[in-house]
Number of protein chains: 2
Amino acid sequence: MTNIDRPYCETLDAQDALASLRTEFHLPTGMIYLDGNSLGAQPKAAFERARHVIQEEWGNDLIKSWNKAGWFDLPSRLGNLLAPLIGAKAEEVVITDSTSINLFKAIAAALHLQAQKSDAETRKVIITERSNFPTDIYMAEGLTKWLDRGYRLHLIDSPDELASAIKHDTALVMLTHVNYRTGALHDMAKITVLAHAQGALCLWDLAHSAGAVEVDLHQANADFAVGCCYKYLNGGPGAPAFIWVPQRHQAQFHHPLTGWWGHAAPFAMQASFTATPDIRRALCGTQPIVSLAMIESGLTIFGKTTMAAVRQKSLALTDLFIQLVEARCARHQLGLVTPRHHAQRGSHVSFTHAHAYAVIQALIARGVVGDYREPGIMRFGFTPLYTSYAEVWDAVEILQEILDQKTYDANIQRHTVT
Amino acid sequence: MTNIDRPYCETLDAQDALASLRTEFHLPTGMIYLDGNSLGAQPKAAFERARHVIQEEWGNDLIKSWNKAGWFDLPSRLGNLLAPLIGAKAEEVVITDSTSINLFKAIAAALHLQAQKSDAETRKVIITERSNFPTDIYMAEGLTKWLDRGYRLHLIDSPDELASAIKHDTALVMLTHVNYRTGALHDMAKITVLAHAQGALCLWDLAHSAGAVEVDLHQANADFAVGCCYKYLNGGPGAPAFIWVPQRHQAQFHHPLTGWWGHAAPFAMQASFTATPDIRRALCGTQPIVSLAMIESGLTIFGKTTMAAVRQKSLALTDLFIQLVEARCARHQLGLVTPRHHAQRGSHVSFTHAHAYAVIQALIARGVVGDYREPGIMRFGFTPLYTSYAEVWDAVEILQEILDQKTYDANIQRHTVT
């Protein structure tokens, strides 16, 4: 990698068609932010959007804004803006609640669909990965334990097990498209084929892929999807999440969280629940409007490029990072956890190190913000909309200095963030 | 009522100990806002709070804010601020998710508690009012249908039925403390005694009472409570809701929405769920931080008075409104729906009228903002923190003019808001 230097990285930035989009974001001076996979940076437009909602819509128009400012329609309107980024059609996505709550709805709906089949009594297994993001596993656990109808979780340790694990007893295959720790990317289309061949349904958590990798839910023939708006979509801290239900499943999308926002006539104030026939049946209760509205500022920026361009730059950034780290930090026993193959890589890169937590703290102190994940993983996210090639260079330079000069605190305890 | 005139109302304002709190709110010029029971007005401090979260905490500190700005602890910290307003203790309330979702958790937990008892097989009835806010009924419907264990809803038509309806087969009595249409207030302590005497649990929805009437959950010995932060608490449009679980029920508070925020060690990333032993087990997933943070601005204002003072003014305002309307609009066949007895009245007043929807539209056009609720109800909310006695006078004056002069459109269709 001796032919790569900072001027070369600057040349890549100069040639980068996405470089101008960086100006859409507020990025703190002196910080190289490699954690957009955890909390996306702030679109400059988000503050003005929030100001308008708070001062004009809430402050001046008050209750009228539910109709006048379109608050009621925000979950659908924003869902329609998001849809093209994940290969969904209009009126198939709503933005609402949290990813955890949306997982619950989708798992419940999948089990309900399977319970209608003639082999329902023997189709009781939900397959997921032991390394899936914990809340995905917990929500499935909570639902199946509570239902108490013989459903059980089968946790696999490697995607290689999927082909044999998915059988005629599989009700649902529930996977996170890009693994939150390793950055490994599943082949959505291939796995969905495996699942459907055995009569199983497929639910995808797109938390680390929406806005980061190309997703085509319809091409993959996926059944359900959920995901997060505060990571690569830059919707703001804890922004409500999304849920996708394709047209073909909507009439049969049944879940127990039947709140008034999912009613066919929410303002008729009827004393029993009738689900609306459309995607809005995935809604439950009143949504946090200010946090919800700001999501639009993040989504709008994606309208200025394509997911193909985003993906191309994402791979170039992660390639560059891997190459530079391996060349410059070769003697420091870093272990690459993230797959080298493009087809298997999301938009973050993880390395193991004996002092992973201490090194991350040292990096943060020097302005390079990645994060630590148990056990022993340093995680670095690359956000094509605002990460530059020169930043990748600088981040690795600082990492090398910290490792060469041992300026991390080797005595620091591996720390579980609270 | 001939002795009441506008100068008299102005005198009441001059003597009102709460009058100065009105300056804490942004209230649009030329509007008499009588809909704080639907969406509370904007505390002036809310915008600066949101600005700080967006520009400083999100914009500049990014991911660090989860710890540095205390984002993780917001649900508990704000819950502790809210607790004294409803007679709850510290570490018994969290602010999170929507009221609908919190109802689901509380109903599930109540049924789980009952299922541990020796008479579980015969204790299968959930009692609520047919006139309860629809989402309360819908969430209970969704949950019981899914559980499919013989639970059934018993909808009563009058609180008078409670004494005979609550029997040894009652698992849960689930009521909204103040009815959203009529403004009728239940006797929480008395009903809870009835329920407990038969072995039933009591869940209270405080949507229209938190911040409006005096609530003492512990004195009433209630079992669970949920409620809304965007009405009388002025937390902002769709602000996250609250859930109260008293210490004595926390260890047995089991519900199926077991997301990572309710885990005993959320960042240990374990592959199976273990509930935290405290109130945080009512949490599920990541919360919308900007909408959540603004709730503090509303709660802080309550720290400048007492709920006893708020209640006293609320009753004075609703008394005045009822007296003036009945005196001045006597010939217009308005029907008072709200109870006259103080002990049975919340903080809004509802009247029926043959052209209720049309009259509300005419009022709004004149700057008096109440709202319409099916069927045929004009609803007026009185918020002691910012409603003045002179406004009550002016609102009734305008109502009288509209009715006397028939300046409403008698041909307008009764309209279900969408």
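Backbone N, Cα and C atoms are what each Cβ position is placed from, and that goes for glycine too.
In TrEMBL, annotation is done automatically, which means it is predicted and not curated.
Given the structure is predicted, the values throughout are model-derived calculations rather than measurements.
According to DSSP, B:Thr176 (pyridoxal 5'-phosphate binding site) sits within a strand segment. Within 10 Å of the C-beta of B:Thr176 (pyridoxal 5'-phosphate binding site) we count 25 further C-beta atoms, all protein chains included. What TrEMBL records for B:Thr99, B:Ser100, B:Phe133, B:Pro134, B:Thr135, B:Asp136, B:Thr176, B:Asp205, B:His208, B:Tyr230, B:Trp260, B:Thr286 is pyridoxal 5'-phosphate binding site.
Taken from TrEMBL, the feature N6-(pyridoxal phosphate)lysine covers B:Lys231. Packing around B:Lys231 (N6-(pyridoxal phosphate)lysine) is summarised by its Cβ count: 27 other Cβ atoms lie within 10 angstroms of its Cβ, all protein chains included.
According to DSSP, B:His208 (pyridoxal 5'-phosphate binding site) sits in a coil region rather than a helix or strand. B:Lys231 (N6-(pyridoxal phosphate)lysine) carries neither a helix nor a strand DSSP state and counts as coil. Looking at the residues that bind pyridoxal 5'-phosphate per the record, B:Thr99, B:Ser100, B:Phe133, B:Pro134, B:Thr135, B:Asp136, B:Thr176, B:Asp205, B:His208, B:Tyr230, B:Trp260, B:Thr286, the two CA atoms farthest apart are separated by 30 Å.
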